[in-house]
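Chemist: Here it is, the structure, as structure tokens.
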Amino acid sequence: MSILEQVQPIETMLPERYYTMSTEDMEKRVREIKEKMGKMLFIPGHHYQKDEVVQFSDAAGDSLQLAQVAASNKDAKYIVFCGVHFMAETADMLTTDDQVVILPDMRAGCSMADMADIEQTERAWKELTKLFGDTMIPLTYVNSTAAIKAFCGRNGGATVTSSNAKQMVSWAFTQKERLVFLPDQHLGRNTAYDLGIPLDKMAVWDPHTDSLEYDGDIEEIQVILWKGHCSVHQNFTVKNIESIRKNHPDMNIIVHPECCYEVVAASDYAGSTKYIIDMIESAPSGSKWAIGTEMNLVNRIIQQHPDKEIVSLNPFMCPCLTMNRIDLPHLLWALETIERGEEINVISVDKQVTTEAVFALNRMLERV
């Protein structure tokens, strides 16, 4: 079942009048509705969201953190999630049946999450089992669909975040000889390498050709990486780093581990969104930084730290296009429909999928 089949009802067309409203009028209406609804309304906002949206967020953070905060907010009947599909799915799975999770724009997806669908994954597991038998455990990045989390849950696996990936990969190897990591090959590769697993003991599963790509001995493969990636972090290159080293030799380079192995290896630091934020905050005044992550977040960090010289690692970087679909007009539209007693763009994950996906989430939460 696709996510669009799981969501009822579906509204994707923003009414015309929101295109003609001034920013001031929209901001005023959002404030009015937030004040009117009080604790009945909770708006989580991901770090990659636009400032025009983040300013109204009741909590800002990464995807799992926001889902957990939403789940702990029992007073909120409506959770208007300013993020992308898989984040809203996770929030729905962790909240109660009485709470309603709404995504302001149904087009706000995640290309990386969509790179691993359940049919491809089931087929891959079947083929890999022919090669490796019962020696594998699946781990999925939380940046994945509910169906993929459920797959991991029913096959003894778990979810991971960029913050706890090392802990969870280490745990996985106490369970089985081999790890299947999806959907982001780069986070999987960088994490495994950081734990001492050589590149020639890693393979890549291509879901489009149903083939395993590897250089070494197939019997020695320890990590099978799904051929997926983040389209934003894929755009940071070693050439970007070489340019910074040449033109700004005293500048620190910090990147997200969704960047490719070569970029992470050439950087000074690599870590999760929270790690990047904390590193910049704790850095001394006057320090210089080139950051390799999503542009909305980089711009926000620049604004928050005028005492430091901060640039994007890639000067031509664009924000995450799907994350950027959540804007002020869509946020206001979602809030006004709630105010009228209507519900649009509701995220509702199948009960069986939820049960199995929560197994995977809990296996992670119990260990970190």
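Cβ coordinates come from backbone N, Cα and C, glycine included.
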Chemist: Quick one: which of T121, T237, T273 does Swiss-Prot put in the iminosuccinate site with H46, S63, Y141, V142, N143, S162, H256, P257, E258?
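Modeler: Answer, per Swiss-Prot (iminosuccinate site with H46, S63, Y141, V142, N143, S162, H256, P257, E258), from T121, T237, T273: T273.
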Chemist: Please give me the CB contact count at 10 A for C230 ([4Fe-4S] cluster binding site), counting all chains in the structure.
Modeler: 24
Chemist: Can you tell me how far the Cα of C230 ([4Fe-4S] cluster binding site) sits from the Cα of E258 (iminosuccinate binding site), in Å?
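Modeler: Each residue's Cα considered, C230 ([4Fe-4S] cluster binding site) and E258 (iminosuccinate binding site) end up 7 Å apart.
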Chemist: Where the distance is taken from Cα to Cα, which of the binding-site residues H46, N143, H256 turns out closest to C110 ([4Fe-4S] cluster binding site)?
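Modeler: Closest by Cα: N143.
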